[in-house]
């Protein structure tokens, strides 16, 4: 038997079937580094329009987790796609370096007795070490960036830039010193930003407390009774017994109805609507003897239960009837609403009673409870109320309560002297910050769109921004306050610039070691040099001003503006929020044109990642087991607008999809062997109809993909590329062209036409996958035929695809119909193979019985219809002639009948043909194969 293998154009490529990503990807990273890929991208991008994505800096602490990986991969996919779209899209990664978590780590390692200078020194060293670890992990994900020159908030230039930004805000009239209740953590010993507060369930003691009347005549008059006749008290309800020592007022709603209730030995004032529930709680019976409005009770004095001072009634709209008594006890030092109401009634900062120290312990001078930790004092306060006869009831409830995000410990509101940015404070010029921010939100694009309403509601309802902290490791607030008046030095802005210049050379240490006399001279004795530091959200929130400024030629004329900020959905109250406020203060607009938000990563059951649940997916392990490209493919395939589910099983599905894409690419490459694009490529008009359709279909898909890339809809990109590989290519085109590729003459038009199409498809495909499968695209690029530069990323989207003419006979709709027919034939073949009626498709002879228009379509392919259907013979007949046993298909007007061929099998092409053995020199092959080996070669027109 003759071996005809040498006469075939068998597929051949060195592109490996097995990806070996965990081993191959690090080698690719080394290659990118050795060729200076990022620098080359900047060189070729000099004259391109710029696209700037400003990196939200991750915190320099610990290894990266799956959420970090998602964030960095999304950014990289966007910037790679923008580069391929013809933009100069640099990526400067950043790190957030100051703040409590790092200071806490240093304290845990080295103890709490460090000097402030030593603490800062160790914090800087720790942050540097953490950055190097995270940097290598980000690079391993295939993220292209200026990793040699990242921006760090602890860089001296950035620390100085932050001080200059603050100086601009002081100059603009946005900053003020105030005594206000702020979120306070005893473990941190500092105020917390809104973004550092989380809510957990907490058990608390509730108490109903009676405050005895001081102005008996006024209370009687308010209720319209001649006299009280017996002791009377107003009753409050609270979940924070520890605030009772700081009580300074009692709040009622001006429009609610309040009742004077006789319970036998005394009178109680309660909200009329709550009398029944309150008396049941107190196990008392009583009679309502009079009612009045809250308005009538204003400024009536009651007595504190155990201190010799008065508690007047103030009106407050925030009082509710959902629980309690309808009267709220008011401690202005420990509640935002309480503070606001007391200020409205004329209490000065000096009037406000604030007995709780920064560590949560009452001052020693507080009568009865001095030196006690507030939460431990709750029971002692309850006991005192029992002793004085003021406790009406106590219960234990579980409720949602604010906790420190770092220590998980309960927080309190605590009035302290802090520095604030005023949301509604009138600046030196222009609108208030709140109005500016609301307008800026309206001018910003949001992906997904719901982010706009979320950020808007946060800005509309947020309090003034407390920007000061009482920590060591942070950018200083370099203010000098007059010792007597407490006012800022009149040359504050000028002095801040002098400090910034020193910080630029020596870092924040320059301020802390500064002697006031160096800047103030003889005035130094009159001023206090403050030691507060800036909120870390101010650090990252001002990076647009001192990192991004000047880097974007398309920026707003009044300041820098990034094209895109991209972070997790928690950053609506974090970086998006602080950046918006600083941008509106400094430049009167948001520092971004568009905000993109991605969801949190959860497991396949929607649960958060947790060591206790054993469901943590670590990116480092994925890199080592499957490869970063598999993780990148999972990110692209997942709709990031909601929660993003991941697990080993989900990643395995991504690996399966990856193999299908890789195998498609390998098939394309293996059939381009011997193809030189410089000499072998055919113009579109010389290509076979099916090949022209394949290139046209690729062009249509590319248009869709570019639109999806432009809208950051990567899951659409992934699904369409995957479907193209599996369906149009793997399930149709590539299956059909195998016979032509392998059996026709190597340099025949039939084969070169097909190779031309495969080349165009490959050139497009390698670019399509480059933003997602960064490593695989780079590998594929090295194996494509023809001269080419060092990386797919040094190119733009492929422009060599051609569209079929509008009047082309075998147009898009034609091939859609042919595909449907082929699908029906394939289904019947599968049934026959399962029944063992035939061994394979090429054993089949198929007759298609079709209605008139379909007969015309099928007949256009003439004797090449069998190559499209991949059968040994294929014939077409009118539908009316279909025998009774013809199979009805899903295609309207089509039946078919398949018979097993009785003809011999060609040893070369494996078709069963009548003319096998006709040529005595080649008794084992068909006439077509004889012609392809020793004759002029077969001529194909369509497929």
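Every residue gets a Cβ built from N, Cα and C, even glycine.
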Inset, instruction - Could you check which of 608-612, 613-617, 618-622 is flagged in Swiss-Prot as motif ''KMSKS' region'? - result: 608-612
Inset, instruction - Pop the Cα-Cα gap between residue 567 (L-isoleucyl-5'-AMP binding site) and residue 611 (ATP binding site) into the table, whole Å please. - result: 24
Legend entry - Residue distribution over DSSP helix, strand and coil in the motif ''HIGH' region' (58-68): 3 helix, 1 strand, 7 coil
Inset, instruction - Pop the Cα-Cα gap between residue 567 (L-isoleucyl-5'-AMP binding site) and residue 926 (Zn(2+) binding site) into the table, whole Å please. - result: 64
Inset, instruction - May I ask you to report the DSSP-based helix, strand or coil state of residue 567 (L-isoleucyl-5'-AMP binding site)? - result: strand
Legend entry - Pairwise Cα distance for residue 909 (Zn(2+) binding site)/residue 567 (L-isoleucyl-5'-AMP binding site) [Å, integer]: 56
Inset, instruction - Can you tell which of 906, 909, 926, 929 has the least company, meaning the fewest other C-beta atoms within 10 angstroms of its C-beta, among these binding-site residues? - result: 909
Inset, instruction - List the same-chain residues at least 6 positions away in sequence whose Cβ sits under 8 Å from the Cβ of residue 567 (L-isoleucyl-5'-AMP binding site), in sequence order, or say none. - result: 56, 71, 574, 575, 576, 597, 598
Inset, instruction - Looking only at the motif ''KMSKS' region' (608-612), report the model's average pLDDT. - result: 86
